[in-house]
Amino acid sequence: MKFADHLTESAIPEWRDKYIDYKVGKKKLRRYKEKLDAEEEQSSSYRSWMPSVSVYQTAFQQREPGKSRSDGDYRSGPAFKKDYSALQREFVADFIEDWLISFQLSKCNEFYLWLLKECDKKFEVLQSQLHYYSLQKNYERDNLNRSSSNVDMSTSLYAAGLAGRSDSRVNSIDSDSRSVMYGSMPCTKEAKKPRLSLLAYCQKVLKDNRLLPSWPKRGFSLLQDLRQDASSRGRETFAFGASFLETMTTTQARNLLSNAIIEYYLYLQLVKSFRDINVTGFRKMVKKFDKTCHTRELTTFMSYARTHYTLFKHADANVQLVAQKMQQITSSQPTPTSELSSAQRDKEPITWLETQITEWFTTALTNSPKDRKHNTHKLKKLTIQYSISEQMVHRNNRSIVQMLVVGLGIGVSMTLITYTLYLGISSEETSFTHKILFPLWGGWYMVLLIAFLFLVNCFIWHRTGINYRFIMLGEIQSKNGTQFFNNDFATSKIPLKLYFLTFFIVPCAVCSMLSFALEKLTPLGFLYIGIVSFLFLCPSGLIPYWDKVVHTRKWLVVTLIRLMMSGFFPVEFGDFFLGDIICSLTYSIADIAMFFCVYSHTPNNLCGSSHSRAMGVLSCLPSYWRFMQCLRRFADSGDWFPHLLNAAKYTLGIAYNATLCAYRLSDRSEQRRTPFIVCATLNSILTSAWDLVMDWSFAHNTTSYNWLLRDDLYLAGKKNWENGSYSFSRKLVYYFAMIWDILIRFEWIVYAIAPQTIQQSAVTSFILALLEVLRRFVWIIFRVENEHVANVHLFRVTGDAPLPYPIAQVGDDSMDSSDLGSKAFSSLNDIPITPSHDNNPHSFAEPMPAYRGTFRRRSSVFENISRSIPWAHATDFQRPTVNTVDDRSPETDSESEVESIM
């Protein structure tokens with residue numbers, strides 16, 4: 001594999017702009033090659049190419065890293081004029097000094113320093129959490145044979161915690177953890193838990209499956225909170241109340257800390273990957289430059305970079321440390337891991353941090369040798385292997401078999417479905433086939449079509465480098481390691497999901513074909529419902545690869561239940577995303593009423609939308625569910641914008657479907673027509689504007705090259721490497737999407753102005769429903785792309801790892817027992833990880849917060865809203881926690897990394 005492809009495969013999507021632009025460098029070298037060849041042809045004399053002293057070796061050693069070079073300093077170096085030709089000196093100045101060092105290396109080094117700053121802050125939080133965990137474990141050990149209230153335990157725990165916060169916290173963690181680990185408490189088991197009652201068991205099952213209802217965190221104090229400072233607002237909530245700490249056990253705390261440490265360890269691996277692959281890229285780029293321009297700059301460049309840039313210093317220290325360890329292993333010398341890592345913190349901080357958290361994970365958070373062995377094995381699986389793609393994907397690529405089944409199944413199904421559509425459209429309008437079979441089976445077709453188009457969306461995101469899996473799942477699961485960042489089609493699991501969907505499409509096509517042929521709904525309608533139920537409940541061994549889609553089946557069922565009970569649960573990505581998709585499936589949902597009407601005593605000719613109120617009620621449900629989700633988001637975060645405005649939008653959606661139903665039931669009377677047109681017009685205008693401005697973040701930019709578009713357009717391909725602009729032809733897809741979305745939003749006009757025969761036609765309803773599904777297909781592409789853009793601007797690559805104990809600002813010792821209620825539940829990402837712009841010379845301009853709690857001083861309402869609009873889409877949901885807190889010990893992963901990919 002070429003290094004450029006390897007860099008593309010290994011690059012973390014959210015950090016892609018911070019890597020060395022290797023392909024641009026190759027294009028520059030090709031241009032230099034052409035100039036050199038042209039000069040060689042024009043030259044009549046032989047030109048000797050001799051190795052030289054570096055152009056920038058003497059002139060730049062006096063320059064501090066990060067400061068810009070003056071042209072006079074560079075051109076005044078004596079070595080600059082001595083050995084190279086004029087063209088060579090021009091290339092060295094333009095490529096190595098102006099582009100590679102001043103731009104590319106400075107960019108990578110500054111971002112690496114920012115990552116190190118973030119790693120240190122998260123490490124301090126975890127260090128504090130381990131200290132509290134040790135105190136709690138000591139407390140429970142000392143009070144094992146006597147009872148004490150949970151409130152007293154929390155108070156004494158944090159009193160001791162505040163008293164013990166000092167510079168020697170690392171040593172206290174080590175000593176405290178060793179005093180309670182299995183070494184000094186041989187095989188000590190926790191007190192036997194009493195048998196759970198039926199109610200407690202049901203609550204536990206619901207909590208494990210994210211189905212336990214919860215009160216909004218800010219629901220009862222929302223009016224008072226509206227006047228509080230913005231720093232206390234916008235916090236996310238999960239399925240835990242303010243008294244979370246009062247019921248926290250050491251096992252629950254250990255599980256939460258284990259998940260947080262795993263995610264932090266994986267984050268360190270990603271930082272190390274970023275550093276190492278960039279160092280390799282710079283070395284290879286200078287080597288290519290030497291080969292193209294006949295120079296010998298590699299040695300001097302590497303020496304200069306190791307001296308002046310932290311990126312190269314740490315990479316070189318890591319190589320030396322690995323070599324030292326290998327030498328000690330081969331010579332059978334003891335390796336003082338702790339002492340060595342402590343001495344290397346300044347030289348190689350990533351390795352030092354890895355050593356510390358490995359010690360915590362395998363010692364402080366284990367109760368037995370078995371737990372230690374399990375945790376050690378778990379960390380080993382998280383180590384990045386650059387050859388993972390070639391070794392695992394191409395040798396045992398099961399996706400080939402899965403795609404073969406998909407191709408055969410969908411190919412046959414499309415033939416049968418097309419024929420049934422022909423029969424339904426060509427049948428008489430009063431026939432059972434046209435009025436009953438065509439709408440009912442058409443509703444199933446819409447559900448399967450939107451599922452198939454969603455997987456097409458996944459392929460588009462996969463090809464354009466959009467990290468949709470992080471957005472969908474909320475975080476990187478530990479058992480999957482770093483495979484999400486390996487850009488191979490087999491690792492995307494798209495073939496597996498298509499394989500899963502094929503088992504629903506093929507039976508639907510066969511059953512619908514038989515139903516149309518026999519002109520009967522019974523028993524084929526019930527048969528297909530039974531097949532769908534069986535496929536969701538099917539044991540893993542009956543269908544090949546069915547054990548690989550257990551999580552998918554469970555996720556669909558759980559998310560659908562959470563959607564139907566919107567308002568009782570915090571809104572996660574899957575909840576709001578599935579809700580938006582179902583808003584485009586009102587045609588299918590309304591058919592549920594028709595299905596029951598067919599088997600009731602009602603005549604079949606009265607089961608259509610022109611006679612059924614139930615169909616109108618069901619068509620309002622998707623908008624109602626999203627309305628309740630918006631209210632829950634407002635109750636959780638306390639931010640009226642954009643959640644209340646979004647709720648108003650879905651209120652118009654309910655009004656639109658209700659007035660459409662009333663208009664149909666009134667036999668298209670003028671009295672009902674006017675309210676319908678008013679509601680439909682308002683709904684279309686607001687939803688179209690919301691799609692473009694809020695969900696897609698369009699129509700903000702009127703000055704740059706991308707008129708009305710964002711600055712980052714992943715579907716437009718690569719930017720021009722010379723001027724940084726996108727090709728206009730590639731940007732047209734965004735403008736077409738904007739026009740398409742607006743046009744389909746106004747498709748209701750057909751019901752208002754078309755002749756009555758067209759309005760009442762089942763074919764018209766089917767076509768309009770199909771257009772809405774296609775509009776949603778386009779909407780999904782740009783909605784997820786916009787979410788990815790937000791993650792890129794925030795450099796967000798991990799989810800929220802919940803922590804068992806309150807956290808304070810890093811370096812802030814002012815937390816006391818009064819904070820237990822307000823900070824009872826925290827996450828590793830609650831701390832301010834952005835470096836200070838005043839104290840850090842390598843700072844980044846991050847985007848404006850996606851939401852604001854209170855209006856800041858000297859800012860108007862309009863100014864606050866206008867600043868929030870570009871990032872408001874990120875507040876539609878809150879990221880799920882890493883794991884549900886329970887009393888179970890960490891379980892062994894059900895499948896290996898290889899099995900999870902294949």
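Any Cβ shown, glycine's included, is placed from N, Cα and C.
Lifted from Swiss-Prot, the feature list:
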| type | residues | note |
| --- | --- | --- |
| TOPO_DOM | 1-404 | topological domain 'Cytoplasmic' |
| DOMAIN | 1-303 | domain 'SPX' |
| MOD_RES | Ser172 | phosphoserine |
| MOD_RES | Ser179 | phosphoserine |
| TRANSMEM | 405-425 | transmembrane segment |
| TOPO_DOM | 426-435 | topological domain 'Extracellular' |
| TRANSMEM | 436-456 | transmembrane segment |
| TOPO_DOM | 457-497 | topological domain 'Cytoplasmic' |
| TRANSMEM | 498-518 | transmembrane segment |
| TOPO_DOM | 519-522 | topological domain 'Extracellular' |
| TRANSMEM | 523-543 | transmembrane segment |
| TOPO_DOM | 544-554 | topological domain 'Cytoplasmic' |
| TRANSMEM | 555-575 | transmembrane segment |
| TRANSMEM | 577-599 | transmembrane segment |
| TOPO_DOM | 600-732 | topological domain 'Cytoplasmic' |
| DOMAIN | 606-815 | domain 'EXS' |
| TRANSMEM | 733-753 | transmembrane segment |
| TOPO_DOM | 754-761 | topological domain 'Extracellular' |
| TRANSMEM | 762-782 | transmembrane segment |
| TOPO_DOM | 783-902 | topological domain 'Cytoplasmic' |
| MOD_RES | Ser859 | phosphoserine |
| MOD_RES | Ser860 | phosphoserine |
| REGION | 882-902 | region 'Disordered' |
| COMPBIAS | 892-902 | compositional bias 'Acidic residues' |
Interface-richest range of 405-425, 436-456, 523-543, 577-599 toward the transmembrane segment (762-782), CB pairs under 8 Å: 436-456
Top Cβ-contact partner of the transmembrane segment (498-518) among 405-425, 436-456, 555-575, 577-599 (pairs under 8 Å): 405-425
Helix, strand and coil counts within the topological domain 'Extracellular' (519-522) (DSSP): 0 helix, 0 strand, 4 coil
Averaged pLDDT score, the topological domain 'Extracellular' (519-522): 92
Listed stretch, out of 405-425, 523-543, 577-599, that has the most CB pairs under 8 angstroms to the transmembrane segment (436-456): 577-599
The topological domain 'Cytoplasmic' (544-554) - residue tally per DSSP class, helix then strand then coil: 9 helix, 0 strand, 2 coil
Beyond the flanks of the topological domain 'Extracellular' (519-522) by at least 6 residues, Cβ under 8 Å: 432-433, 436-437, 440, 598
Non-local residues, at least 6 beyond the ends, that sit with Cβ under 8 Å of the topological domain 'Extracellular' (426-435): 516, 519, 604-605, 607-608, 761-762
Tertiary contacts of the topological domain 'Cytoplasmic' (544-554), as residues 6+ beyond its ends and Cβ separation under 8 Å: 209, 398, 402, 496-497, 499-500, 535-536, 538
